[in-house]
Every structure is written in structure tokens, then in C-alpha cells.
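Down below is the structure, laid out as C-alpha cells.
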Amino acid sequence: MRLILLSGLLLLGTFLANGHDTDPEGQMLNSVIESVMILQREFANLKHAFLTVHKARSFGSGSERLYVSNKEIGKFEALKEICDQAGGHIPSPQFENQNKAFANVLERHNKEAYLVVDDPANFTNWAAGQPNEADGTCVKADTHGSWHSASCDDNLLVVCEFYFIL
């Protein structure tokens, strides 16, 4: 994309250098070039701002994943839909630092939330005596980040997981 823009600008520069910048088409072309250059700078600034915020959030949590709550509560299927619509998903911590970042959200709100455990899981943080399918087929995390079997009909805090591929 940049190569095409640069090639176009080079050809345009050659055209304008031949004295065509005084006619209406040349002036319009100059205006378009200026607009493209402004848009390129704005895009670079937005990209830098986004990456700075992402790095700051990652630095604070120790995780490349971001765990966010909208403070609502609900059952598993409703929460799954909320997270899907937001572009995220129900948390699925794969490492201890991700589980800690998730637990920080739960501790801040003093509530439990659903999570999804991959099968087979690379990382688990089951509480003593867990999992216990008699308690349910879903999994919830407490405010300390320990995992427990739970009913999928429990009303728990909405927490969605987001991650960026950079």
C-alpha cells in the first residue's frame, strides 16, 4: 500500500514539476496529496496511541490479555453473548499471569465470574476439592482466582477477555 502511494506521489511530483500545478486539475491533485499526507500522519499517531495504551494495560496486569467488566451480572449463555457482541469472549486464562489479571478484576468488584477451561488445559487453578461436577458443568473463579465447578444458571459478574495480535 505504501509502495503504491509513494509511486503515485513520485509520478504526481513529476507531473507537477512540469508546471501543471496552476490548472484546476493540478490544484486538486495538490489538495489530494496534502490530504493523503495528513491522513498518513493521523493513522501513524492513532497506531502509536493504541499501542501505547495496549502496552500500558499489559504492563499493569502482566498479561497480553485484557479482562474487562461492565459490572452487569448474568447466566453463562447470556454472558457469552455479551462478550461475543463486544468482540471478546468469556475468559480462558492460559497462564498464571493471565489468571492473576483476571482475578484482579474479580477482587476489584468483589464478585465471581465464569471462565472457560480448555481441554486439555495447559494451566489450571482449581480450588481444593475441585472440580466437582456435582456443583455444575460450568467453571467460575472466585475473587482470589481459584476455580470452582458451578451451575451455568448462576448469576455472575460479566467479565470479557480481549487480546490483540500485534
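Backbone N, Cα and C define each Cβ position, glycine as well.
According to Swiss-Prot, the feature signal peptide maps to 1-19, an assignment based on similarity to another entry. Annotation source Swiss-Prot lists domain 'C-type lectin' at 46-161, citing sequence analysis. According to Swiss-Prot, the feature disulfide bond maps to Cys83-Cys160, Cys138-Cys152, an assignment based on similarity to another entry. Among the features that Swiss-Prot reports, N-linked glycosylation site is placed at Asn122, with the record citing sequence analysis.
Location within the structure of each feature annotated in Swiss-Prot.
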residue	record	CB count, 10 Å
Cys83	disulfide bond	21
Asn122	N-linked glycosylation site	8
Cys138	disulfide bond	21
Cys152	disulfide bond	16
Cys160	disulfide bond	23
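Note: the CA-CA distance between Asn122 (N-linked glycosylation site) and Cys138 (disulfide bond) rounds to 18 Å. Secondary structure of the domain 'C-type lectin' (46-161) per DSSP, as helix, strand and coil residue counts: 44 helix, 29 strand, 43 coil. The average pLDDT computed over the domain 'C-type lectin' (46-161) stands at 90. With respect to their backbone Cα atoms, Cys152 (disulfide bond) and Cys83 (disulfide bond) stand 16 Å from each other. Distance from the CA of Cys83 (disulfide bond) to the CA of Cys138 (disulfide bond) is 16 Å.
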